[in-house]
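Visitor: As annotated by TrEMBL, domain 'MARVEL' applies to 21-174. The region 'Disordered' feature in TrEMBL is assigned to 185-232. Annotation comment: TrEMBL describes 27-49, 75-97, 109-131, 151-170 as transmembrane segment.
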Amino acid sequence: MDVGGAYGGGKAGAPFDPITFVQRPQVVLRALCLLFAIIVFGCISSQGWQPEPPEPGKKSVEVCLYNKNGNACNYGVGIGVIAFLASIGFLAGEYLFEQMSSVKTRKHYVLGDLGFSGFWAFLYFVGFCYLSNQWGKSEETPVGTSNMQAAIAFSFFSIFTWAGCAWFAYQRFRQGSDAAFAPSYDADPSSVPGGAPYSSYPVGPDADGGYQEPPFSGSQNRGPGDFQAPAY
């Protein structure tokens, strides 16, 4: 089925324009989500774990700089890695969105984008609050401070990028819903607000408007006695 403009996308099969593609707000936000995810899990993975001075007779162990709470570091890395993979997947989906010839396929993609983006914005909000709280309780350390603070800051920025992706997905869903319930071309224009009723078909003269006596009817109805000889 050939689709034109369904759920905010172009007509299926249209030529791909890379300049127009990279200028889409959805693509720009996905690229930012990808970049912020790399910063979050990269900062925590690189310097989020530091060796703790060993006690006598024990081996040195690494502890998370977020108040020595390993769950905080694991949470930040986890949501960052999944956001990174999801951003790549959604960027590929944006590229293929114009090629989706099925309205149902576009609808499923838009609903998946809406649900995941909204949920991940919420998880980043939780992560920002969680990491900020644990960092406030942490002891000062000579290394890793800037990385830990950068992870918190870009977790905060990611809330808005993922929320923005959810907003654009919602707008796409509304466009698809409005198109689905729009009046069809076969509908009576008088039932559509602002529509003009159908004009009546021009009717010609009534064929049965009146009976006309056929020519020569008088001569055909005369009897033999009515015939008169011509006068010389």
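Cβ atoms here come from the backbone N, Cα and C positions, even for glycine.
Are these features on the surface or tucked inside, and what touches them?
Guide: Per-residue pLDDT, averaged over the domain 'MARVEL' (21-174), rounds to 91.
If one looks beyond the transmembrane segment (27-49) by at least 6 residues along the same chain, the residues whose Cβ comes under 8 Å of a Cβ in the stretch are 21, 62-66, 73, 76-77, 79-81, 83-84, 86-88, 90-91, 94, 143-144, 147-148, 150-151, 154-155, 157-158, 161-162, 164-165, 168.
Same-chain residues lying 6 or more positions outside the transmembrane segment (75-97) and placing a CB less than 8 Å from one of its CB atoms are 9, 16, 21, 24, 26-27, 30-31, 33-34, 36-38, 40-42, 44-45, 48, 66, 106, 109, 113, 116, 120, 123-124, 127, 130-131, 151, 155, 158, 162, 165.
Within its own chain, the transmembrane segment (109-131) has Cβ neighbours under 8 Å at 7, 66, 72, 75-76, 79, 82-83, 86, 90, 93, 97, 100, 148, 151-152, 155-156, 158-160, 162-163, 165-166, 169-170, 172-173, 176, counting only residues six or more beyond its boundaries.
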